[in-house]
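A.B. asks: For reference, TrEMBL lists these features for the protein:
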- 21-44: transmembrane segment (TRANSMEM)
- 22-474: domain 'Major facilitator superfamily (MFS) profile' (DOMAIN)
- 161-184: transmembrane segment (TRANSMEM)
- 190-210: transmembrane segment (TRANSMEM)
- 222-242: transmembrane segment (TRANSMEM)
- 248-269: transmembrane segment (TRANSMEM)
- 290-310: transmembrane segment (TRANSMEM)
- 330-350: transmembrane segment (TRANSMEM)
- 357-377: transmembrane segment (TRANSMEM)
- 383-409: transmembrane segment (TRANSMEM)
- 416-435: transmembrane segment (TRANSMEM)
- 447-469: transmembrane segment (TRANSMEM)
Amino acid sequence: MLNLEFNLLSWMREERQSRKLTLVIVFIALLLDNMLLTVVVPIIPSYLYTVDDAVANMAKNHTTASPHTPSGTFHTIVSLYDNSVRVTSGGPMDSTPIPLDKAQALTPHNSTEPDCPKADDQLLNENVKVGLLFASKATVQLITNPFIGPLTNRIGYQIPMFAGFCIMFLSTIMFAFSSSYTLLFLARSLQGVGSSCSSVAGMGMLASVYTDDEERGNAIGIALGGLAMGVLVGPPFGSIMYEFVGKTAPFLILAVLAVLDGALQLFILQPSKVEPESQKGSSLWSLIKDPYILIAAGSICFANMAIAMLEPALPIWMMETMCPRKWQLGVAFLPASISYLIGTNIFGVLAHKMGRWLCSLIGMVLVGVSILCVPFAKDIYGLILPNFGVGFAIGMVDSSMMPIMGYLVDLRHVSVYGTVYAIADVAFCMGFALGPSAGGAIAKNIGFPWLMTIIGVVDILFAPLCYFLRSPPGREEKMNYPLPSPQAQTIAIFSLPGETEREELGTHFDHETHFEWAVCLR
C-alpha cells in the first residue's frame, strides 16, 4: 500500500514537472517570436527612410547638375571607398586632396536647418510602405491559422511547434542580410507562417495540459508574460543595436537564441512523434458561429489593433514633430511594453476572481482613453503615460480573453483546443494586419491625431459587448454532464427497472460529453 502511494506521488510529481517544462518552452517561443516582431519597429522606418532619401538625393543631384562647370566654383567629391575628398577648380588637372573637415567648411550649408527629417511627401509616403511591410506578417499569419488549428488536432502540438522555430530562424537570417524592401517584405511575411505554428500550437498545448480553468488562466498569463517580455525587450534592443552597432547585429543575436530554443524543443518535446488528439474536436465553422467566441475574439482584435497602429505610425510622427535620435524611436514603446508585462502577470490571476468579462471591459475602455491621449504629447516624455496605459490595458484584455476562449470550448463545445486558439490568433492577426495597413493610409491622408481618435473611439464603443461574457450558457449536454476534460471519463451502467441479471452488449464514447456509456440489458 505504501509502495502504491509512493508511485502515485512520483507520477504526480513527474506530471507537474512535465507541465512546467511545457510552460517554459511556450514562454521562450513566444518571447523570441515577439522579440523578432518588435525589434524591427524602430529599425525599419529609419532604415527605409535613409535608403529612400539617399536614392532621392542621388536622383536630384543627377538631374540638377550642370554640364558646364563655371571657373572658380568649388565642388566636393566624396569617395565611396576611403572617405577622402577632392576639391577641384575649373581645370581638369588642378586637383588637390584635402581633409574632410576642411572640405565641409568649403561646402555651402544652412546652419539653421534642423537635423531631423522634413515633414515632406517622402516622409509621409513612408507611412504606407512601413505599414504594408508590418502588416504582411499578420496577413500571412491570418491566412495560415485556419490550417494550423485543425492540423494540431491530427498530428499533435509538438511538430507544428518545432516547425515554427525553423521558419522563425530562417526569417531572422533574412532580416539580418536583406537590404531591399522586397526582401524585407518577404522575411516579414515568412515570419507570419512561423508565428502561426508557434502561437497556435503553444496555446493549445497549454490548454490541453492545464485542464482546470483557474490553473489554465494562470499558465496562460505566465505564457503571455513571455510575449510581453518580447514586446518589452524588442524595440529598445533593436534601436540601441541599430544606433551603435548596425542593422545586422540584433537579428544575428536573435538567430543564436532561436537555435538554443530549437535545441530545447528537440530534447523535451521530441517533435518526431505524432500525437493526435484522442477525440474529434468541434469544426472551425461551428466555433466561428458561436457569438460568445466572436465577442472574445473581437476584444483581442480591437485591443491589439491600437498598438498595431502605433507601431508604424508613431516613429514617423515622432520624426516629423520631435526630431528624435534613432534609439528614442524604440525607447518610446518601453512604457507600453513594461505595463503589458505587469498587466498580464497581475490579471492572469486576478481576472478569474473579479470576472474576466469585467476585466476585459475595463481594459477596452482604458485602451481607448489612453490612445486618445497619445497625439497630445509634445516630446518623448509626454508619451510615457499614454503608452503605459495602452500596454497595461491590452495586458488586461489578453490575460482575460485567452483563458476564456478555452473555457468557452469546455462549456459549449468539445474540449479540443487547437482550433479555438487558431481563432484567437486570427483575431490577434487581424488587429496587426488591418492596423498597420489601414493606419498607414489614414495617417498619410488625414493625419496621425485622427488615426488615434478613430481607433480609440472604436475600442470604447466595443467595450460594452464584453458584458455578454459574464455568464455564457452551456450547451444542454454539457450542463447535464459537466465534466470538462477527456481525462475525466466514467462508466455508467444502466439496467431496466426490476431486472436482476445484466449483460453488457457494448460501449459508446460520446465526444460531446466525454462519457463512456456501457449499455447493459438483460
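Placed from the backbone N, Cα and C atoms, the Cβ positions cover glycine too.
Have a look at these and tell me how they're positioned relative to everything else.
C.D. replies: Below 8 angstroms of C-beta separation, residues 130, 133-134, 137, 161, 164-165, 168, 171-172, 175, 184, 188, 191, 194-195, 198-199, 202-203, 205-206, 209, 219, 222-231, 233-235, 237-239, 242, 247, 250-251, 254, 257-258, 261, 264-265, 268-269, 311-312, 315, 326-327, 329-330, 333, 337 of the same chain, each at least six residues beyond the ends of the transmembrane segment (21-44), sit close to that stretch.
The domain 'Major facilitator superfamily (MFS) profile' (22-474) scores a mean pLDDT of 80 in the predicted structure.
Residues 18-19, 22-23, 25-26, 29-30, 33, 36-37, 136-142, 144-145, 148-149, 152, 157-158, 160-161, 163-168, 170-171, 174, 216, 218-220, 223, 277, 402, 406, 417-418, 421-422, 424-425, 428-429 of the same chain, all 6+ positions outside the transmembrane segment (190-210), place their C-beta atoms under 8 angstroms from a C-beta of that stretch.
A Cβ distance under 8 Å defines the sequence-distant neighbours of the transmembrane segment (222-242), meaning residues of its chain 6+ beyond its ends; these are 23, 26-43, 46-47, 202-203, 206, 249-250, 253, 326-334, 336-338, 340-341, 343-345, 348, 391, 395, 398-399, 402.
Beyond the transmembrane segment (290-310), the same-chain residues lying 6 or more positions past its ends with a Cβ under 8 Å from any Cβ of the stretch are 134, 138, 333, 336, 360, 363-364, 367-368, 371, 374, 387, 390-391, 393-394, 397-398, 400-402, 404-405, 408, 412-413, 420, 423-424, 426-428, 430-432, 434-436, 438-439, 451-452, 455-456, 458-459, 462, 465-466, 468-469, 472.
Within the chain, the transmembrane segment (383-409) has long-range Cβ neighbours (under 8 A, six or more residues past its boundaries) at 203, 207, 213, 216-217, 220-221, 224, 227-228, 231, 282, 287, 290, 292-293, 296-297, 299-300, 303-304, 306-307, 310, 314, 332-344, 346-348, 351-352, 356-357, 359-360, 362-367, 369-371, 373-374, 376-377, 415-417, 420-421, 423-424, 469, 472.
Below 8 angstroms of C-beta separation, residues 134-135, 137-139, 141-142, 145-146, 148-153, 157, 192, 196, 199-201, 203-204, 207-208, 277, 279-284, 287-288, 293, 296-298, 300-309, 311, 401-402, 405-406, 408-409, 455 of the same chain, each at least six residues beyond the ends of the transmembrane segment (416-435), sit close to that stretch.
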A.B. asks: Are there residues at least six beyond either end of the transmembrane segment (248-269) with Cβ under 8 Å to its Cβ atoms? List them, or say none.
C.D. replies: 21, 25, 28-29, 32, 35-36, 39, 43, 158, 161-162, 165-166, 168-169, 172-173, 175-177, 237-238, 241-242
